[in-house]
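Structure, as structure tokens:
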Amino acid sequence: MGKITFYEDRGFQGRCYECSSDCPNLQTYFSRCNSIRVDSGCWMLYERPNYQGHQYFLRRGDYPDYQQWMGFSDSIRSCRLIPHTGSHRMRLYEKEDHKGVMMELSEDCSCIQDRFHLSEVRSLHVLEGCWVLYEMPNYRGRQYLLRPQEYRRYHDWGAVDAKAGSLRRVVDLY
């Protein structure tokens, strides 16, 4: 069970809304989000309703203003509780439709270019666990939640291009 609290103002002030499950539309509960407290679980937040737009991965902790979660604005319109699993495994492909060179991964990877000599990933197959793909090395840039399924093209995980810099397993460390 997860628990996240959204606050309209910085520093955990103003109107707040507590959530414990996926919510495709948070607009009815608050108009802006400037701080967040994650009491339990790992969460993916989305800039727009129905799990669209920029994505922000948060684990347990306090985020006193939106820059703390690398937000571009105070707009959070949907959220998803990420299920915890024990093992993680995925396959990266250099070409669409799971073609070309394939690399398998079961641990975090801070730099895909250094490890696999790839700057772009055109398709993925997440076999176990949930992952966050970052467009830049060292877990920076745009973030994309990857759940167990096949992603035949980078559009399938919500990206605008095939840039892939780093990958991190979703693990609740507490």
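For all residues, glycine too, the Cβ spot is worked out from N, Cα and C.
Annotation comment: Swiss-Prot describes 2-40 as domain 'Beta/gamma crystallin 'Greek key' 1'. Cβ atoms under 8 Å from those of the domain 'Beta/gamma crystallin 'Greek key' 1' (2-40) belong to residues 49-51, 58-66, 69, 74-81, 172, 174 of the same chain, restricted to positions at least 6 beyond its ends.
Counted within 10 Å of its Cβ, the other Cβ atoms near C23 (S-methylcysteine) come to 20, all protein chains included. Here Swiss-Prot flags C23 as S-methylcysteine, drawing on similarity to another entry.
Sequence-distant contacts of the domain 'Beta/gamma crystallin 'Greek key' 2' (41-83) (same chain, at least 6 residues past either end, Cβ-Cβ under 8 Å): 1-4, 6, 10-12, 19-27, 32-35, 130, 132, 142-145, 158, 168, 170-174. Annotation comment: Swiss-Prot describes 41-83 as domain 'Beta/gamma crystallin 'Greek key' 2', evidence class sequence analysis.
Marked as region 'Connecting peptide' by Swiss-Prot: 84-87.
Mean pLDDT for the domain 'Beta/gamma crystallin 'Greek key' 3' (88-128) in the predicted structure: 95. Positions annotated as domain 'Beta/gamma crystallin 'Greek key' 3' by Swiss-Prot, on the basis of sequence analysis: 88-128.
Feature annotation from Swiss-Prot assigns domain 'Beta/gamma crystallin 'Greek key' 4' to 129-171. Residues in the domain 'Beta/gamma crystallin 'Greek key' 4' (129-171) partition by DSSP class (helix H, G, I; strand E, B; coil) as 4 helix, 21 strand, 18 coil.
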Tertiary contacts of the domain 'Beta/gamma crystallin 'Greek key' 3' (88-128) (same chain, 6+ residues out, Cβ under 8 Å): 137-139, 146-154, 157, 161-169, 171
